[in-house]
Amino acid sequence: MADDTNGDDSWDFLTPRKAKSPSPDSAATEVQASDAPSTEPVSRDATTPADTLPASAAPKPATPSVEPDAWDFLATRKAKVAAGETEPVSARAAVADSPGEGLGGSSAHKRARGELRADMGGPSLRRRAVPMAIALAAVAFAGFLTEIVASSQLIAIAGPQSLIVVYPLGGLGLLAAAFLQFRFIDQTARLPLLRIVTFGYAAVFAVALACIAGSIVPIAATALCLILGDQLNFLLPLLLWSLVGDEFNVAEGRKIFGWIVSMTYIGQVAGLGASAIAPALFTTLHLPLPLLLAANPIVCVVVGLVLPRVLRGTAAATGLVRSENLKESFAGAIEFINGVRVWRALLACSVLTFAAGMTAYISYVGGLGRIMDQDAAGLQTLLGSVAVVTFLICWAVQAFVAERLQDRIGIPGVLLLLPIFAVAAGILLMLGTAWGSVALLVAGVSFWNIPRWSIDQNARRAALALVPDERRARVSFIVDLGPNALGLILSGFFALLGLWFGWYALIPALAVLMAAVAIPLGIAVRRGWEQSLLNWRLRRRKQNRTLDFGD
């Protein structure tokens, strides 16, 4: 027993364990107590005098080895809180909202604390969209002003039959410009490319205006302005909408795309209004009407200079790093369309629908030119006035109907409406052409223009938002720009048939036929749309930017 008394206790391991089993509530108290100075007397060896020991060498009480405490993480947390060492919530929120921080480090815009990107609406989204909306409005102003002024001047100089040549040339010009940009649009940063494109358009416009001012081949120069107007109406907006798609994901796009489209109506109505009132004003001031075309190079230069500077550092400024040749770029876009079966039907439906719409529009402009006896000022006033009323109606539809309609029948349901309206437009234009009625011609073109520039445009932007960033612009070139270009080319061919047979009503009749064939394809798109959303090629959300929690 003496050995047991003087030796180590074999059961001593229980004592530290019991002493070191604090409850979670007492963990913080124990940590604080362990840091406090000990008040217990220092034990000394019986043979060593107390006064011979230096203070620093005074023996310390022996403490048993203690196992790590399972609840120590709570004590540490409480100690940090008590000491005020934790990062304040406001600091974390400031870091999360600072430029370059947050998910993926790509958000450069502040948001309210606790507000999810997918739930952001109103001013938060609109503040990010304002630069691109203004650029789209400015381009729409220049493009629509050019279309009215140049077409009126061309009909006055060369007659309505000149449109049969210029429209196909405009379509070929769109395809040529698209192929020039096709290789680079999704690879390089879009903002430098935007600057190159806008400056190029400004230079060509300047040359055409110099030829008109010097009476050097005025017909060719005016036709060139009309072709460039098509570029501003169809090609340049696609590049700008690609920037919009880079900046906003699908959930945000559903909230903001309609507002951006509504903002573009300001530019469209302003351009059309200027074309309508300019003849009376310029006649009083003794100014030539082609002077209005000078707005194009000015707008192109301003957009090319200002927008890249404003969007610097945002998601809209990025592109792919990997370089591709033209064959690879085209193959990537075609692979996407072939891989998602519904998009093949959508492409075929779009080609037929826009061919019908462009054919209907050329019959409208040519019919008005014949009725008004090629009066440039009167034709420009009528075309501009009708277009202003049309786009005011488009704005009302976009503001009060488009979003609700899309929520009710979905994107494919809205896309199906355009070929149906195109059939009605062709019938009215056929009657107006046969009877020489301006009212029926105006009603017919309105049945095409109103859904085309309101509900259909919004639905197409929403559909293209599903395409991955690295392919969106190229796919939009094929699905959106391609039908417009082919529509311009085919419209000239169908107008030539009407001129050949001497029956102008045949032109809108062919438009009715093409639109009717497009309707079954639109129905196929609607039936297969939901299933196509499961395809891995379609984007669900923008990575590293936002989680889409749905509605």
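The backbone N, Cα and C atoms fix where each Cβ goes, and this holds for glycine too.
What TrEMBL lists as compositional bias 'Acidic residues' is 1-11.
The region 'Disordered' annotation in TrEMBL covers 1-68 (among others).
If you look up TrEMBL, you'll see 23-50 marked as compositional bias 'Polar residues'.
What TrEMBL records for 54-65 is compositional bias 'Low complexity'.
What TrEMBL records for 85-120 (among others) is region 'Disordered'.
Look at TrEMBL and you will find 133-158 (among others) tagged as transmembrane segment.
Annotated transmembrane segment per TrEMBL: 164-184 (among others), in sequence order.
Summarising the annotation, TrEMBL assigns transmembrane segment to 196-220 (among others). Residues 154, 157-158, 162, 181, 228, 231-232, 236, 239, 290, 293-294, 296-298, 300-301, 303-304 of the same chain lie 6+ residues outside the transmembrane segment (196-220) yet bring a C-beta within less than 8 angstroms of a C-beta in it.
Annotation comment: TrEMBL describes 226-244 (among others) as transmembrane segment. Using a Cβ-Cβ cut-off under 8 Å and counting only residues 6 or more beyond its ends in the same chain, the transmembrane segment (226-244) has close neighbours at 129, 132, 135-136, 139-140, 142-144, 146-147, 150-151, 154, 166, 169-171, 173-174, 177-178, 181, 185, 190-191, 193-194, 197-198, 201, 204-205, 208, 253, 257, 260, 264, 296, 311, 316, 461, 464, 472-473, 476-477, 480-481, 484-485, 488.
Below 8 angstroms of C-beta separation, residues 125-126, 129, 132-134, 136-145, 148-149, 237, 244, 248, 289, 292, 295, 377-378, 380-381, 383-385, 387-388, 391-392, 394-395, 398-399, 402-403, 453-454, 457-458, 461-462, 465 of the same chain, each at least six residues beyond the ends of the transmembrane segment (256-281), sit close to that stretch. Per TrEMBL, transmembrane segment is recorded for 256-281 (among others).
The feature transmembrane segment is assigned by TrEMBL to 287-307 (among others). Within the chain, the transmembrane segment (287-307) has long-range Cβ neighbours (under 8 A, six or more residues past its boundaries) at 131-132, 135, 138-139, 141-142, 145-146, 149-150, 152-153, 191, 194-195, 197-199, 201-203, 205-206, 208-209, 212-213, 222, 225, 228-229, 232, 271, 274-275, 278-279, 376-377, 380.
Sequence annotations record features per position, and here TrEMBL assigns transmembrane segment to 345-364 (among others). Below 8 angstroms of C-beta separation, residues 163-164, 167, 337, 415, 418-419, 422-423, 425-426, 429, 433, 441, 444-445, 448-449, 452, 463, 478-480, 482-484, 486-488, 490-492, 494-495, 498, 504, 507-508, 510-515, 517-518, 521-522, 524-525, 528 of the same chain, each at least six residues beyond the ends of the transmembrane segment (345-364), sit close to that stretch.
Sequence-distant contacts of the transmembrane segment (376-397), counting only residues of its own chain at least 6 positions beyond either end whose CB sits under 8 Å from a CB of the stretch, comprise 144, 148-149, 151-153, 155-156, 262, 265, 268-269, 272-280, 283, 289, 365, 368-369, 438, 442, 445-446, 449-450, 453-455. The transmembrane segment annotation in TrEMBL covers 376-397 (among others).
Outside the transmembrane segment (409-429) by six or more residues, the chain places 342, 346, 349, 352-353, 356-357, 359-360, 363-364, 367, 402, 440-441, 443-448, 450-452, 455-456, 458-460, 462-463, 508-509, 511-512, 515-516, 518-519, 522-523, 525-526, 529 with a CB less than 8 A from a CB of the stretch. Residues or ranges marked as transmembrane segment in TrEMBL: 409-429 (among others).
The transmembrane segment annotation in TrEMBL covers 435-455 (among others).
Here TrEMBL flags 475-497 (among others) as transmembrane segment. Residues of the same chain lying 6 or more positions beyond the ends of the transmembrane segment (475-497) and with a Cβ under 8 Å from any Cβ of it are 163-168, 170-172, 174-175, 178, 181-182, 185, 230, 234-235, 238, 241-242, 333-334, 336-337, 343, 346-347, 350-351, 353-359, 361-363, 366, 460, 464, 467, 506-507, 510-511.
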